[in-house]
Structures are given as C-alpha cells and as structure tokens.
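Participant: Below is the structure I would like to discuss, written out as structure tokens.
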C-alpha cells in the first residue's frame, strides 16, 4: 500500500514536470514569435520609402506629399514676396518723399543715424515753420495720393525744456533746474489759413530759449493709397503714416540734430470701389490656391503626427521586450533612434504654413494687414521645408555624410562656441569702453559686436585700422594692440580650432563608413535578423497594388 502511494506521488510529480515544461516551451515560443514580429516591424521602420515600397508595396504618401508641398509652398511664397515687395517699396519711397517735403535743406542722404543738422537759431526757426507751411500746402505740392487723416487730425508741436534756468551774463555762469517741462500746441489743417492759426504762430510758444531747450517734436498723421498694386492685378492697400520730426538739442553742443521717423500702418480701405473683373478673379484664384496649400499641409501634419505616435508605440514595445528578455533597460541613445527629428521639423513647418496661409488669405481679402507676421511665418516654414529635403538626400550614402557630420560635430561645436563666446564678449566690452569715443564702429555694443564679427571673417580690416582717430597716442597704440591680438587670436587660433572640430567629425564618419559604425543594443538586436518575409502581391498594375492595404497591418506596420 505504501508502494502504491509512492507510485501515485511519482506519477503526479512527473505530470507536473511535464506540464511546466510545456508551459515553458509555450512561453518561449510566444517570446520567439513576439521577437520575430518586433524585428520585422523594426526592420521595416528603419527602411527608406523606396525600400518600403519594394518590401510591402506601400506607396510613400509622405514623400509624394512633401515633394508636392515644396512646390506649392515655394510658389505661394514667391507670389507673396512679389506682393510684399510692392508694400516695402511704397513705404520706403514715401519716407524719402516725406523727408524732402518737410525737412528744409535735406540733401537726400542721412547724416549718420539722423537726417540732417542745423547750427544757428535762425535755422531752427526756419526749419520749424517750414514744416508747418509744407503741411498746410500738402495737397498742392505733393506728387503722391496723400491727404490728412481726418478732420480732427493736425500738427502737434511739443517743446521740452528745463523747467527753470537763469543765465548770468556777468560771469558766464548758469543757474539751472534739471527738472523738465513739456508744452504742446495743436494746429488743425482747416485752422492753418485762419487768423486763429496766425495768433498761435505768433504766440510766446515759439519764442525758444535755446540755452534751456532740450528738443522740439512735431508729429502729424497722413493717409495714402498704393495704386501701383493694381498693375500687379491686386487690390490696393490704404496706409496711415505717423510722422515725427524731432529737433534734438540735448547735447547743447551747438549742433541740433533733426530726426525724421515715419511709422507706417496698413489699414483696410473704406468706402472705395474699384471696377475690374480681372482683379476680383485673380484674387479668387490666389485664395483657392492658398486653400490647397492649407489642405496639403494639413494632410502632411496628420501623417507625420501619426508616424510619431506609431514610432513611440514601437519604442515602447521594444523597451518592454528588451526588459522582459534581457532583464535590462534600453539606453537613451537607442530610445532617441525612434524619435525622427525630421518629422518634428515638418510638423512645425506645417503649423506655421497653415497659420501663415490663413493670414495671407485675410490680407489678400483686405481684412487684415499683418504683413510682418505673415512674412515671418511663411518665410520660416519655407526654410524648414527646404531643409527637410536633406532627409531624402540622406538615403544616399554620398549625401548622408553631411548630415552625419553635422550631428556628430554639433555638441562639440556648441561647447567650443560657449568658451570662445566668453573671449568674444570680453573684447566687445573692452572695445566699446576704450575705442568708443574715437571710432564710429565702436560707439555702441551692437555695432562693436558686428564690427568684430566682420573682422573674424576677414571683412573691412584696413578700414577698421585706418578710421581710428589719432587724437590720443595712448589710445591709438592700444587700438593697434587690441585689433592685432583679436585678429590673431580669433582667425589663426579659434577659427582654425573651430574648423578642426568639424574636420575631425568628418574624418570619424568616413572611418565609420569604411569599418562600420559602433554597434548599439538596437543594432545588435537587428543584426541577426535576415530577410524578412514581407507579403508581396503580384499584379500587373503596381500602382493599384500600392493602394491596397489590409487593416491587420495597422497595428504592426509603422510608416516612416
């Protein structure tokens, strides 16, 4: 009886062992199947569009769409650029016309950052009243389609001066209160021909005490319309010009600088009628084309977003499987392999193009006038679109060297630029504080930075040396030491090291292409995976076959 019990227990142990073995075999089989499916999906994900088409006969929709989008976005930008060029030229020409109209003795060339200058009290009075007289006769003397903004607009003349000062002629001393006061007078266009205007012009307001005068500011608004756009088959824009003329006497140096500033605002034209069916049809055609651009970018945005989502899902599958089989985590570099930076660039470009196209349509319909915002959006998106073309060139090994070299050298170049930037800032501050009073290219920090950057690139060297004023021998000697040391340090050392970093990365990439790139866990995982048994459908019409997809593929296939 005891033997029977032992025999029964032995049979039970044997049965349990057999069941555990079967479970282990089944688990191993499931793991192998999961590994095979994962390798197939990974292999397919890292293929280029041509290889994907040969493998599974999937049409590379994103590739076709990107090529179409490049053509459409570039065409759209050219049309908008031609239209924007008319706007820019109209603004610039009006600014030049205003300077000739309202600035007495304007030579046509600005003096440094100001338009012109005067040196006597009589010149100051003549220049101020010249502006008033020209504004009064504007419609009779202007060649452009200019007018006053509205009936309530006019000239606003303000003078700013020290609050109280007394000049003592006996001993040439000056008692002055540094607090300032501002007094303004307003002259409407319809009042300029009346006696009331004459009374204002003869008032004590225009008796200027120059020894305490800081500045006189004359501001006025004008409106105009750009009719030249009609010749380009576009509806015209209406403009509002906010002009400000400043007689600056802050330095009290005997030289009064005259600044002219014109702030242009594009407005919607009101109560105007242009009879031309050609203009209306041309506007409609452009609006329809912009609509197609928005549709193509929306489709590209959806496809690229879908690819990123599927890539993240595939990354999660690979990370979980790697942890399950090998009991360790996937490194950060392998995780980044699934994040396609080109798709992120395309998504940003699509969003900017869609927003810019909507603004362009509103501008074309004369509902908005945000030319600057629209230009930034469309220009940047077109830049990103053309940069994205490099991705497709990267499928060829000859062109891929540029992309790989940029990726490899970028971290080292950024670290190097941080170190070199500290030296550059030191030279910038030093040049500004020492050479600023003696050299026009070192008058402010922005100009100094631009001048030094030009010197690094070998531009305008002799002029920078020659323009230093030799009023101080000490400063002149310092300027030579300063410029020679900067040029020698940055051109012969820092710039050479900068180039050497990129050359080193290029040589490394060339060696990798000959001997093989470093193998990561992801590459090791896919290395043993041979030719995948992709399903191919034979058909006499390959294009139609490319359009056929099975729903079961969506959970496995990732379109790259």
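Including glycine, each Cβ sits where the backbone N, Cα and C put it.
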Participant: With the ranges 335-358, 455-478, 503-526 to choose from, which does TrEMBL describe as transmembrane segment?
Facilitator: 335-358
Participant: When you get a sec, could you say which of 250-273, 370-393 is annotated transmembrane segment by TrEMBL?
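Facilitator: So the range that TrEMBL calls transmembrane segment is 370-393.
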Participant: So which residues does the transmembrane segment (370-393) touch in its own chain, when a touch means Cβ under 8 Å and the partner is 6 or more beyond its ends?
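Facilitator: Tertiary neighbours of the transmembrane segment (370-393) are 63, 66, 69-70, 73-74, 76-77, 80, 84, 87, 266, 342, 345-346, 348-350, 352-353, 355-357, 359-360, 363, 399-400, 402-403.
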Participant: Please list the DSSP helix, strand and coil residue counts for the domain 'Polycystin cation channel PKD1/PKD2' (373-509).
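Facilitator: Grouping H, G, I as helix and E, B as strand yields 118 helix, 0 strand, 19 coil.
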Participant: Need one number: mean pLDDT over the domain 'Mucolipin extracytosolic' (87-270).
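Facilitator: The predicted confidence over the domain 'Mucolipin extracytosolic' (87-270), as a mean pLDDT, is 83.
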